[in-house]
Amino acid sequence: MNFLEERIVKDGIVKEGNVLKVDSFLNHQMDIELFDQMGAEFKKRFADRPINKILTIEASGIGIACVVAQHFGVPVVFAKKTKSINIEGEMYTAEVESFTHKCKNQVIVAKKFLSEEDHVLIIDDFLANGCALQGLIQIVKSAGGTVEGIGIAIEKGFQSGGTVIRNLGYHLESLAIVDGMDASTGEITFREQ
Ligand code: 5GP
């Protein structure tokens with residue numbers, strides 16, 4: 001097991017409905033030393049890519065993305081969630097369905113922060129069905145930029161997102177891939193990588 005898998009086993013809580021709760025170290029209270037290890041690992045895995053920007057989505061991706069960005073020495077842009085629909089123009093927009101909140105959000109990035117010159121590493125905390133990632137990819141494409149790679153902390157391998165994104169040809173790296181979890185026993189199975 002790697003450092004993140006060990007931490008998930010130690011402090012993660014398996015909930016009904018295929019939800020893994022990691023709010024004691026990842027997406028509510030945040031363990032910045034752990035984030036730093038994650039940043040170093042992503043830097044290693046994407047070392048050959050000319051990354052000049054990190055893109056994530058609010059809210060829980062932002063903390064991880066900031067620490068990862070320090071390892072790459074580049075800025076972070078986060079896509080903002082908004083309910084309003086009349087914000088075309090100076091913004092790139094995409095629609096994202098939330099796995100945890102079961103609602104649709106429009107996400108926006110101001111055009112001045114993303115362009116065809118950008119080589120983007122997309123970072124997020126979880127990958128489930130891949131809606132969040134598809135939205136972020138669409139935003140980079142609208143800007144004419146290049147998705148150099150995608151770094152995920154925890155992929156739920158039993159949901160479709162990872163397969164869909166890899167089949168689209170993107171270089172997707174997940175630090176932990178959960179292949180199964182049992183809410184009654186709390187048992188978590190990881191994919192060998
Ligand atoms: P997707 O768009 O891939 O279906 O879901 C990704 C988003 O849903 C992530 O940004 C994350 O915030 C949230 N998410 C999905 N599955 C889980 C989960 O098991 N636990 C937690 N805490 N968040 C999740």
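Any Cβ shown, glycine's included, is placed from N, Cα and C.
Features of the protein shown, as given by TrEMBL:
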BINDING   L20, N27, K156  xanthine binding site
BINDING   A128, N129, G130, C131, A132  5-phospho-alpha-D-ribose 1-diphosphate binding site
DOMAIN    51-151  domain 'Phosphoribosyltransferase'
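Annotation: A132 carries the greatest number of neighbouring Cβ atoms among the binding-site residues L20, A128, C131, A132 [cut-off 10 Å, Cβ to Cβ]. The Cβ of N27 (xanthine binding site) has 20 neighbouring Cβ atoms from other residues within 10 Å, across all protein chains displayed. Neighbour list (N129 (5-phospho-alpha-D-ribose 1-diphosphate binding site), Cβ cut-off 8 Å, at least 6 residues apart, same chain): E97, F99, Q159, S160, G161. Rounded to a whole number, the distance between the Cα atoms of K156 (xanthine binding site) and C131 (5-phospho-alpha-D-ribose 1-diphosphate binding site) is 13 Å.
If you average pLDDT over the domain 'Phosphoribosyltransferase' (51-151) in this model, you get 93. Counting in whole angstrom, A128 (5-phospho-alpha-D-ribose 1-diphosphate binding site) lies 5 from K156 (xanthine binding site) by their C-alpha atoms.
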